[in-house]
Amino acid sequence: MTAKPAAAAARATVYGYPRQGPHRELKKAIEGYWKGRVDADALRETAAELRRGTWQQLAEAGVHEVPTGDFSYYDHVLDTSVMVGAVPERHRASVEADALDGYFAMARGTQDVAPLEMTKWFDTNYHYLVPELGPDTVFSADSAKQVAEFREALALGWTPRPVLVGPLTYLLLAKAAPGVAADFEPLTLLDRLLPVYAEILADLRAAGATWVQLDEPALVQDRTPAELNAAARAYRELGGRADRPQLLVASYFGRLGEALAVLAKAPVDGLALDFTESGAGNLDDLAAAGGLPGKRLVAGVVNGRNIWINDYAKSLATLGTLLGLADRVDVSASCSLLHVPLDADAERGIDPETARWLAFAKQKTEEIVVLARGLGSGTDAIASELAANRADLASRTGAALTRDPAVRARTAAVTEADGRRSQPYAERSAAQRAGLGLPLLPTTTIGSFPQTTELRTARAELRAGRIDEAEYEERVKDEIREVLSFQEKAGIDVLVHGEPERNDMVQYFAEQLDGYLATQHGWVQSYGTRYVRPPVLAGDISRPEPMTVRWTTYAQSLTARPVKGMLTGPVTMLAWSFVRDDQPLGDTARQVALALRDEVNDLEANGTSVIQVDEPALRETLPLRAAEHAAYLEWATESFRIATSGVRPDTQIHTHMCYAEFGDIVQAIDDLDADVISLEAARSHMQVARELAAHGYPREAGPGVYDIHSPRIPGAEEAAALLRKGLEAIPAERLWVNPDCGLKTRGWPETRASLENLVAAARQIRAELPTGAA
């Protein structure tokens, strides 16, 4: 049957686009600027060229409105803090002296000034800089960046739509500034902030903007009546002004829920909603609310967070249902395309049959345009695209890669006992203390050490065939010896081999597991200039052979001190990959857990007495709505226990988490039943230690005392001060001393100095303890 065309031709648009450039030009330019090799003018020109390229690509693909203002040197939330004048007092002088250097100082810190805290952007793998606010915060409008980028696109002949982080989301993501009472609520500043937003909107209208997008993803989370009332008040005030452009309020990452009725009644001109699986319920809620009469609806039907092709027939059915629920219906992705790589056509190493299933930002844009044409002109207008899409979907469904009978049989045979250690923690702990013989406040690191130029050169030479595998392995062994030697001299108690053989903590394992695919150019932004290439989990997962045993046992042969085995946990293997969407995540996690269980058991059998299974993604993958937490945490914690419960009681299991607020998952952390957990804590001033104590967490913990996301070197007294805070919450016999995270992105000089200071701090605090331990 042929779909009828929409009353008004649907248009294609996107909320945002990857920033880095086809060859990560932005990363290279910014890092060149930091090193003094690129001047500010050259950096700005590179940025302008990348913006122009993005807008041209979008417009040529058929996108009606191109987003502006979503481009950022580091982070769009940090850009918003600058836009509204919320610069922390400690950074104000540097920003006033040089706006660009001051901006980067807020993100990275300096030797003497700490940066803003960094955490995950909702449940994604992107990180934002947390605004610091207090009762004395004075906002002021600075629309220069937004207006300039709008004018850039306008001058090139495109139709720009500026994108701003909305005022509700900005305040709900903020936290109390240092020195402000921890219970301060940034949302109390809304009436102060709204006039600043109104001024910025007026500036954009004066520059020629007809539509402005205000992103409010915070409204898809559980919100209190007071927060919903604040949303109503905010958009009543902003929407009621005569000097504003038309306002498109965008929600994404889930169901808008109670906030939908609030925004539907507000005097705004359009809403953008997520109609993919993550936004299940938005369609029914919209119909129940009576639709959006007189308003524009932007329907996010293409998944902006995963890399699988769209099901055109399914999306067109959703879009057809939406017709009549709004004055006009346009088509987009479910969120900004920031979260996917740029172009699947650049991938030459993936089997052509499998490549048919992939859609990166460029392909998703093309999908959006096709769907808009089908909605606006009828399905006959896209008949060839529909036929090709059906064939591609069928190819994936029938592929051998996606079904391994042996994996499915083993997964089905898992019992509750497979996820339970043979002894309770109290008994295990005694055996581990006796076996390891560690001092109070034992020191360790999280796993990785700096990835040197020599290491990267060796990998490149191996790939190019200029050295053979044997030569490469000798270079890796040289690096392991150097890392171990340094740790022993520094006085670290539990060592790591430094992971010189690993390119990435997920990709390294994915390349050795059946069922995963690797990309060559699938880069996405994690934070700032840190880009990662998430592997593609396309099929059933199994481990053909041991992955880490030879490197860990080699390292252990060089020292009498314990060397940790280092693995990435099942939840993180999923969260930091692009995961198949054709079966429940819990089923996929169990497959990964069983593969890791084999690796854990092999490490133990080869003499490894401390094994760390990192789960930094446990919190970030937590669903945004509380009603969905229990089901997620059940399979997430079970998968960790399946991976780690096959070892003897005297084998110490560690885990690690970072970048997140942990207060609402402390019970889940407890349920992991790990013997030791290390967590990011330096920037949050040991908040997580207090959260663990409030819960009554009974095991050992290492809240980080060294912020590795900044190049600054914390002094021994600074680390000691954090340890004293930690001891207020965690008893000395259960407190570990460690950095926040791995050291891969740091340089050797700062790493050496920082770890030496960390060990000095541990020794100082041991001496201060009543036992006088040294």
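Including glycine, each Cβ sits where the backbone N, Cα and C put it.
Copied from Swiss-Prot, the annotated features are:
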- Arg24, Glu25, Leu26, Lys27, Lys120, Trp576, Glu620: 5-methyltetrahydropteroyltri-L-glutamate binding site (BINDING)
- Ile446, Gly447, Ser448, Glu499, Asp614: L-methionine binding site (BINDING)
- Ile446, Gly447, Ser448, Glu499, Asp614: L-homocysteine binding site (BINDING)
- His656, Cys658, Glu680, Cys741: Zn(2+) binding site (BINDING)
- His709: active site, proton donor (ACT_SITE)
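A map of Swiss-Prot features onto the structure.
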residue : record                                                : DSSP (3 states)
Arg24   : 5-methyltetrahydropteroyltri-L-glutamate binding site : coil
Lys120  : 5-methyltetrahydropteroyltri-L-glutamate binding site : strand
Gly447  : L-methionine binding site                             : coil
Glu499  : L-methionine binding site                             : coil
Trp576  : 5-methyltetrahydropteroyltri-L-glutamate binding site : coil
Asp614  : L-methionine binding site                             : strand
Cys658  : Zn(2+) binding site                                   : coil
His709  : active site, proton donor                             : coil
Cys741  : Zn(2+) binding site                                   : coil
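In this structure, Leu26 is the one among the binding-site residues Leu26, Ile446, Cys658, Cys741 with the smallest number of other Cβ atoms inside 10 Å of its Cβ. Cβ neighbour count within 10 Å across all protein chains ranks His656 highest among the recorded positions Lys27, Lys120, His656, His709. In this structure the residues listed as binding 5-methyltetrahydropteroyltri-L-glutamate are Arg24, Glu25, Leu26, Lys27, Lys120, Trp576, Glu620; their two most distant Cα atoms lie 28 Å apart.
Sequence-distant neighbours of Trp576 (5-methyltetrahydropteroyltri-L-glutamate binding site) (same chain, 6+ residues apart, CB-CB distance under 8 A): Asn125, Met505, Val506, Val532, Pro534, Ala617.
If you measure from the Cα atom of Lys27 (5-methyltetrahydropteroyltri-L-glutamate binding site) to that of Asp614 (L-methionine binding site), you get 27 Å. Distance from the CA of Ile446 (L-methionine binding site) to the CA of Glu25 (5-methyltetrahydropteroyltri-L-glutamate binding site) is 30 Å. For the pair Cys658 (Zn(2+) binding site) and Gly447 (L-methionine binding site), the C-alpha distance works out to 13 angstrom. When every Cα pair among Ile446, Gly447, Ser448, Glu499, Asp614 is compared, the largest distance found for this L-homocysteine site is 14 Å.
Here the candidates are the binding-site residues Leu26, His656, Cys741. The one whose C-alpha lies nearest to that of Glu499 (L-methionine binding site) is Cys741.
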